Amino acid sequence: MNPIVGSIVALVTPMLEDGSVDYPTLRQLIDWHIAEGTACIGVVGTTGESPTVSVEEHCEIIRVAVEQTAGRVPVMAGAGGNSTREAIELARFAKKVGADCTLSVVPYYNKPSQEGIYQHFRAIAEAVDIPTVLYNVPGRTVADMLPETTLRLAQVPGVIGIKEATGNIERACWLIKQAPAGFSIYSGDDGTAVALMLLGGHGNVSVTANVAPRAMADLCRAAVAGDARTAREIHFKLLGLHKLLFAEPNPTPVKWAMHRLGLCAATMRLPMVPMSAHLEAGLEAAMREAGLL
């Protein structure tokens, strides 16, 4: 596959008031993102509430996303887990239905060593012939995949990039400097993504894109091209939004914001709960500053 460059939306999983997955709205959101310039549709990751959807729902969300996208842009299918065998099965399904690549998170809770992390991802890449993007988010997984392990995995056929969600720009710089040709470095942190891309990163797996897809697409396009002036202007316009969308655990604020825009219900499944009322005015103000209201 060709490298994915630009804004990759970490798409929410829309749900009806009864908590069931709202597939018609999922299809509408995908069409909207493509029209707004989003470069890739990422489904059933953190923002897509992968921990609280069933395996059957997880697979159906991937299938629907691939079907609705219909080759217009790539689909990055969440297919990670803390069981290597289960992650392999999800990757196999993603390949079967035509996803372009998978996003595979560092195993969580069982806290593998660096060697365990390496063997986990190598096993997935060797078992399933589908491009794999690694996902390092130690704030959620506890285990932190160190740059040395990432660079080691970059040599494994089929491992094509990493979503680096630490927000650590120095770390990102070392990865960009040392990664082999063809290995893509993506930000997983909206607040620092512009810096990562201006320094040579390839794109941003974005929560903010759920509510501001065109602005995020324009920001990524400018930053990847080295247009610091344009990227800086858009970044500062979105800065308050980046901050408020993480005022409570993701995807709580972004689902509230999407509901405010009439895009989908704010429904989530327990243990996620609605956003605290005292944050509503601030998030609405940030949305106005970003030109969304």
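The backbone N, Cα and C atoms fix where each Cβ goes, and this holds for glycine too.
Listed in Swiss-Prot:
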{"type": "ACT_SITE", "residues": "Y135", "note": "active site, proton donor/acceptor"}
{"type": "ACT_SITE", "residues": "K163", "note": "active site, schiff-base intermediate with substrate"}
{"type": "BINDING", "residues": "T47, V205", "note": "pyruvate binding site"}
{"type": "SITE", "residues": "T46", "note": "site 'Part of a proton relay during catalysis'"}
{"type": "SITE", "residues": "Y109", "note": "site 'Part of a proton relay during catalysis'"}
Among Y109, Y135, the most crowded of the recorded positions [Cβ within 10 Å]: Y135
Distance check against Y135 (active site, proton donor/acceptor) for the recorded positions T47, Y109, K163, keeping those with Cα within 10 Å: K163
Tertiary neighbours of T46 (site 'Part of a proton relay during catalysis') (same chain, Cβ under 8 Å, six or more apart): A10, V105, V137, R140, N250, P251
Cβ-Cβ neighbours of T47 (pyruvate binding site) (radius 10 Å): 24
